[in-house]
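J.: Take this structure, written in structure tokens, and hold onto it; I'll ask about it next.
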Amino acid sequence: MIQPHGDGVPLSVPEQSDDWVHQIVHGTPVPTFVIDANHRVTHWNPACEAVTGCPASAVIGTDRSWAPFYAKQRPVMADLIVDGILAEQVDTYYGGKCRRSVTVPGAWEAEDFFAHFPGGGKWLSFTAAPLTDCDGTVVGAIETLRDITAEKRAAQALRESEHRLAAIVEGSPVPMFVIDEDHKVTHWNKACEAIIGLSKEQMVGTSDQWRPFYPEARPVMADLVVASDTESKVATHYDGKYKPSELIDGAWEAIDHFPYCRGGARWLYFTAAPLRGLDGRVVGAVETLQDISAQKNYERQLEHQATHDSLTGLANRFLFEDRLTQALAQSRRTETLIGLLFIDLDHFKVINDTLGHAAGDKVVQTTAQRIAKAVRAGDTVARLGGDEFAILLVAPESENVVADIIGRLIVDVSAPIEVDGQELVVGCSIGAALSPRDGTSGQDLLMHADAAMYRAKESGRSTFQFFTREMNDQACERMTVERDLRRALENDEFELFFQPQVNLFTDTIIGAEGLLRWHHPTLGMVSPDRFIPVAEETGLVLPLGRWVIDQACRLGRDWTADGRRLRISVNLSARQFHDPGLVRQVQAAMARWGTDSLAFDLELTESTVMKDTAAAAAILSRLKDQGVRLSMDDFGTGYSSLGQLRAFPFDMIKIDRSFIMDLHSGHGAEAVVRAIIGLAESLNLAVIAEGVETERQRDFLRAEGCIEAQGFLYSKAVPAAEFGRLLNRSP
Ligand SMILES: Nc1nc2c(ncn2[C@@H]2O[C@@H]3COP(=O)(O)O[C@H]4[C@@H](O)[C@H](n5cnc6c(=O)[nH]c(N)nc65)O[C@@H]4COP(=O)(O)O[C@H]3[C@H]2O)c(=O)[nH]1
């Protein structure tokens, strides 16, 4: 029998061994107690007192006296051991919570919560082992306790925080998932399921289920975060599409296209942030996804609009120039050619003016499709404006290849186009420049291809022209013109010349056409054909035109001061015609300089008035109200119909120089001239022939009843003073 050790009582041998037990039990810092075969507590060490709050005096010698802190009416583990009861019985009391010790034979272990310890409730883990005598008879049991309250609380706290995390992830409307440090998915919420199309069941516990929606073999962003990858590694997988988060340390953001999401392809913006343990170590990552498909599609739409022509869907000038720059850089590296083609449709304006804009659009669209079909996939076709297209040929093998492509384009483009039941044949003129031969910068190539295209147009329609050095000189001159035109007016470099207009039967000067001359400081006399188009484009034609009108009226006043009747005409360009200040300006000049004997005449071409016929008719009638005469210039070259001509208040038709030039050349110009004269007569309009150079032409015109003419036969355009002298000599 093991007895508690009492003070001053001599020890027998068994007592001696009892004393050893006492010393061992009391010497161990592990809470330990011993019971004897009658379940009475024989030893209860200070550590046991400390953990339970129960003094040894309260329990030593008792059996069930600890019941007060052991609320559940069941034996302590040591009791069961002493009774040598079967495992099943242990289970009865410690159902599921106890296990056989793997280190001490015959011992059992369990853990439980003790709610009624004097020091407060505690979790204890306890191990009870049998004590046997030399025969192996169980004479008691020893039980050690371990306070596991802190561990239990920590585990509980962890469970709760995990539960909270799960609740946050699950309840979040933002698609998100979590992976652990082994890259396994631990959380995968409903929103994620909805967007990706893979269920929580499919994803949780796995690390390679991404493949279905992540076709490229690369880690998901969260994997990179868990691996604490460097920026260079992230860049390898998310080249150009990622950035470090500005808000969360160690987090990355990226945008990518996922073709296999639920409901089709999506653009996702995702952020992966590290999950850190208390020690700061990365133990997982949380990734949130945002479907930005709508925004991305809108952006792409805007980008497409900003870089493409809306009518044809072809690249616009902006994109074209960008591609050209890239292609040139590439061609420098690879030492290959670049071909640049400019295509302009022949007589497109006429189609637009006569058949309407819808027909014009159809022609442009059809042409765009044909051009796009005629070139290779890597080449770029752009619409630069109205009927102007450009093609960037990347690495053509030779100039001959470019020529072949051009030949094909001319044939393809000029195939008939059906518009409103009519078949139209629209030819084109093509200009080509090659790099490096004709220039190595985009600007040079564009300029040179443009110059070549203009040359092609000049040399007859439906043809092409490669750029030449001589064109370069012309292009340079055009740039000089553009630059110098701005200060030419201030510098008084313009002069208005006059070309007499005569009565073919009496040879009397009845009027004059004012024609501009520019005395350029270095280029010398520049003809209006070279600078008027530039002045039109830059808007400089407006101040210049004002000056011309004023000059013409002032000189006209001088020449008619003596009561002589005279008509002075000036040309009006389209831009001037549509200038809202025109009528007021003409009125002011006429009021300032006008005389009763002076007829002031404005010459307009067909194309100027045919653009917007209703508006043009209104402007023309306001001009007429000011007493201005109106002449239709270059008549016969455009496509105005008789009906349209009747709608405008013109006084005179000018037969274009080209018809007069072709008289007697076998081109049938006689019939055209005769028809125009007849038309003018029937409409009660005056008619004047321009460009009369020979007596034969004059005689023909006389015979056909044309009364007025101008041309080199009589005089070229001369300075005002000289015209004054001619006038004085005129009968
Ligand atoms: N071969 C030949 N040519 C003849 C003959 N008779 C006259 N010409 C030329 O034919 C052109 C007639 O002017 P346009 O058709 O109005 O064509 C004009 C007109 O469209 C424009 N222009 C001239 N001055 C002005 C101006 O003050 N304002 C505007 N807006 N345009 C102007 O420039 C064009 C060219 O003017 P120019 O070079 O002066 O050329 C003038 C004139 O010099 C001839 O018998 N044979």
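Indices start at 1 and increase along the chain as displayed.
Just so you know, glycine gets a Cβ as well, placed from its N, Cα and C.
It should be emphasised that the depicted structure is a prediction, and the values quoted were computed from it without experimental measurement.
So TrEMBL has the following annotated:
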DOMAIN    17-61  domain 'PAS'
DOMAIN    108-160  domain 'PAC'
DOMAIN    161-225  domain 'PAS'
DOMAIN    248-304  domain 'PAC'
DOMAIN    336-469  domain 'GGDEF'
DOMAIN    478-731  domain 'EAL'
J.: Would you say the domain 'PAS' (161-225) and the domain 'PAC' (248-304) are in contact under the rule of three or more C-beta pairs closer than 8 Å, pairs 6 or more apart in sequence?
T.: yes
J.: On the 0 to 100 scale, where does the mean pLDDT of the domain 'EAL' (478-731) fall?
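T.: Here the mean pLDDT over the domain 'EAL' (478-731) amounts to 90.
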J.: Could you count the residues of the domain 'PAC' (108-160) that DSSP puts in helix, in strand and in coil?
T.: 12 helix, 28 strand, 13 coil
